[in-house]
Amino acid sequence: MPKLILIRHGQSQWNLENRFTGWWDVDVTEKGAKEAWDAGILMKEKGLAPDIGFTSVQTRAVKTMNLALEAMGRLWMPVTKNWQLNERHYGGLTGLDKAETAAKHGEEQVHIWRRSFDIPPPPMDGDSPFAMENDPRYAGINIPNTESLKDTIIRVLPYWENVIVPEIKSGKQVMISAHGNSLRALVKHLSNISDDDITGLEIPTGQPIIYELNDDAQGGEYYYLKD
Ligand SMILES: O=C(O)[C@H](O)COP(=O)(O)O
């Protein structure tokens, strides 16, 4: 049975500072880099040997992939980067402190923005210092100004189906380094989690998740490699 490896990037600077990040490009912290390296060591110890990798175009996910592969002695492995694996766009919340936002708008409202299935955060203003319109990595892409989990699923799943699934079906072990919410999108699909239940799923940083897929690249149960 083909194995699929999913990993959320190691701790980022804004995970540490408790700020909404979304598409803003922050680096991993020293702790995050160690999480990524340790994940690679663990994967090697457990006998995993991915053939091909996919990441978002965001530094924290790309670095996590590279550090884990280096720790595994597989830095040579082909890796494709695509914006469709990016974190969900946090709209007008981008850059804000999560605790201060909860103090201002209430815990319940912030929980809805963070975890509801289809209610997006307020949109980002065009003149926001966090607007990404001039970022060359997004040239030609219709950058969203906010995204719910549902919106995230709408751009993650076509990439999964059209680009990643064919690699799995050809017998390759695939590793995906992505983000809390782009991975929630994928796990929701693979494990058939309902719109209501997905609100309770949290994915920790730097911990490899393993799916034993069937030959049709369909999932079901997953486990954390450390367990
Ligand atoms: O974009 C972010 O802020 C984080 O990567 C994920 O944040 P969340 O847990 O608030 O969705």
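Each residue's number is its place along the chain shown, starting with 1.
Every residue gets a Cβ built from N, Cα and C, even glycine.
Bear in mind that TrEMBL entries carry predicted annotations, made automatically and left uncurated.
For the recorded site, GLU87 (active site, proton donor/acceptor), the DSSP three-state label reads coil. Listed in sequence order, THR21, GLY22, TRP23, SER56, GLN58, ALA178, HIS179, GLY180, ASN181, SER182 are the same-chain residues six or more apart from GLU87 (active site, proton donor/acceptor) with CB atoms under 8 A from its CB. Under the heading substrate binding site, TrEMBL lists 8-15, 21-22, ARG60, 87-90, LYS98, 114-115, 180-181.
Annotation note: HIS9 (active site, tele-phosphohistidine intermediate) sits in a coil segment as assigned by DSSP. HIS9 (active site, tele-phosphohistidine intermediate) is surrounded by 31 other CB atoms, counting those within 10 A of its CB over all protein chains shown. According to TrEMBL, the active site, tele-phosphohistidine intermediate annotation covers HIS9.
Annotated active site, proton donor/acceptor per TrEMBL: GLU87, in sequence order.
What TrEMBL records for HIS179 is site 'Transition state stabilizer'. In the three-state DSSP classification, HIS179 (site 'Transition state stabilizer') falls within coil.
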(request) Consider only the recorded positions ARG8, HIS9, GLN11, ARG88: which of them have a Cβ under 6 Å from an atom of ligand 1? Write none if no residue does. (result) none
(request) Could you tell me which of these binding-site residues, GLY22, GLY180, has the fewest other Cβ atoms within 10 Å of its Cβ? (result) GLY180
(request) Tell me the Cβ neighbour count for GLN11 (substrate binding site), meaning other Cβ atoms within 10 Å of its Cβ, over all protein chains shown. (result) 22
(message) Between ARG8, ARG88, LYS98, which of the binding-site residues has its C-beta surrounded by the fewest other C-beta atoms within 10 Å?
(response) LYS98
(message) Taking 10 A as the limit, how many CB atoms besides its own sit near the CB of HIS179 (site 'Transition state stabilizer')?
(response) 28
